[in-house]
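Quick one: the structure is below, questions incoming.
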Amino acid sequence: MSDVPDLSSDEEHFEEDEWQEMETSDMSVTCLFCPKVFPAIDESVVHCELVHGFNLSILKVRFNMDCYSYIKLINYVKTLKPSPEAIMNADKPLWNDELYLKPVDNDEWLMYDFDSVTDKSNSPKSYHANVENGLVTLSQEHFSELQRTIQKLTEQLKDSQTHLQMAKEDMGKMQNSMKCLVDGDTNNVTKLTDSCVIVDCVSKVPLECDEGYFNSYAHFGIHYDMLSDKVRTESYRDAILNNKETIKDKVVLDLGCGTGILSMFSATAGAKAVIAVDQSDVIYHAIDIIRENNLDKKIKTIKGRLEDTDLDQKVDVIVSEWMGYFLLFEGMLDSVIYARDTCLNPGGLLLPNKCTISLVANGDVDTHKKLIEFWSDVYGYKMNCMKSEVVREASVDVVPAKCIISEPCIVKDIDLYTCNTNVVNFTSPFKLTVTNDGAITSLVGYFDTIFDLPNSVSFTTGPHGTPTHWKQTVFYFRDCKEVKKGDIIEGTITCSRQKTDVRALAVQINIFGKNHKYIIS
C-alpha cells in the first residue's frame, strides 16, 4: 500500500546539521517594547522591568506560569504588541490560547530560562514617605505598589476562604460516606445524594486527584514503548488506512492522543478534521510533531481531560488506544464511554469497537520457583510469609507459548457501542481443557482487540501471539497443581474496581477449592 506511512526507523536519513546548536557569539536581544538592543537576554529582562515595568517574576506568581505559558506570553507580545501596562494590569493571562505556542521569531527570548525567575515579593522595594503636619505623602510609585499589595492580599484571603469552605464540604462528605459504610446501609449507598458521592468511575475523580495518572504519560519512555510496539501501532494504522472510506470527510476525535500518531493516521486517511485531546504534557510535543508533518491545518490539539472539556461539536469517529493491562486496568475505557455518550454523532464509529478477555493455564514451573519458592530459603533463612504478598500482586510478563498447558477460555466479551462503566465489574465462570501433563502454576490473562470494519483488523496480546508492550497478566498460585492431559479445570473469576482507586483492579479467582485474591495497580 503506497500511501501507508512506514513505521520502520529512518535513522539512516538523519542529518547531523539538524542538531547543530545555535551560535550565540553574535546574538543580540531586542527589547519587547522598544527598539533598544542588548547583548544578552538577562540585560533585556532587567531593562523591561526597570524602564517598562514588565516584571516576569510578578506575572509568574500571579498566573502560576510554567515554561509553556512563558512561551505563549512572548509570542503574544510579539504578535499583538500590547503595552506593558496592559499585561501587568491584566486579571487573567491574555496569552492562554494554544496558537501562541507557535513561534513568531526564532530569538533569544524563547531560549530564556524562565524556571530561573524567582518571586521577589519577599524582598519588597523600599520607598520614602514625607510626613508633614500629620499628613503622609506618598509617591505615585509607592501608592501603586501599596494598591497592588492590598489587591494581592485580598485575593489571597478570598482564595483561603474558598479553600476553607471546600475543606469543610469535603469533611462533611467524608463523614456521610463513613456513616454509610459503617451502617452497612447499601440502599442508601446506592442512592446517595451530592452530599455523599461514591467515586465509581473516572469522570467522578477530581482532576487534581487524577494528575498522577496523566503525569505518568509525560515521559519519553512510555511513548517509545507504545510506538515501537508494531502489533499495536500497525493494527491501528491498518484499521484506519485500509478503511479510508469510513474516515474520509469525517470529524475524528483522538482520545488520549499522546504523540499524535493516531491523529496523523486519521488525517492521512482523509478526515475532514481531527481533534486530538490529552491531559498529559505530552500534548505539547504532539503539537510540534503535528506541525513538523504539516498537518496542523487539519489536526486541532486540546490539552485537557475530556470529561472537563467542551469540544463545541459532535464527532463522527472516536479513535483511542485506551487498553491497559488485563484490558481494563487504568480505567480509560470510562473516558471512551463518556466520549461515546456525549461527543459521538448517532451512527458514529468507534475504533476499536470490540474486545475480549481470556484466561489460559500456565505450567512454567521454573519461573514459579524463582518468584515463589525463592522465599523458602533466602541465604539460609525462611521468609515464607512473603509468598502471600508476592502472589497477591498480579505480575505483568511475557509468558512463553511453550509453557501454556490448556486451551484458552473467553471470560469477558465487550461491545464498545453498548457497554457502560460498570463493565469493569463482572463475574464469569470458566472451563480450561488441559492440553499437556504438567503442573499449573498460574492462570494467564490477556485480551484481544477487534476493529469490526469493512476491512477487519484484530490483534491479540496472548502468549500464542507476537509479544506486545501489554505482555500478559499472570495470576500466580502459591502452590502448584498437578494436572493430566484431558482434565477439565473449572472455576470463576471476579473482577472489580478497587474501592480506593477507580483506575486499579481487584481480581478474585476461585479454583481448586480455594479463593485467590489479586490486585492490579
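The count begins at 1 with the first shown residue.
In case you wondered, yes, glycine gets a Cβ from its N, Cα and C as well.
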Quick test of your reading of TrEMBL: among 1-22, 133-154, where does it put region 'Disordered'?
1-22
In terms of Cβ proximity under 8 Å, which residues at least six beyond the ends of the domain 'Protein arginine N-methyltransferase 3-like C2H2 zinc finger' (61-103) contact it?
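Distant Cβ neighbours of the domain 'Protein arginine N-methyltransferase 3-like C2H2 zinc finger' (61-103) are 32-33, 48, 52-55, 109-110, 112, 114-115, 119, 121, 152, 284, 287, 291, 301-303.
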Counting each residue once, how many in the domain 'Protein arginine N-methyltransferase 3-like C2H2 zinc finger' (61-103) are helix, strand and coil under DSSP?
25 helix, 0 strand, 18 coil
Summarise the model's confidence over the domain 'Protein arginine N-methyltransferase 3-like C2H2 zinc finger' (61-103) as a mean pLDDT value.
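That region's mean pLDDT is 89.
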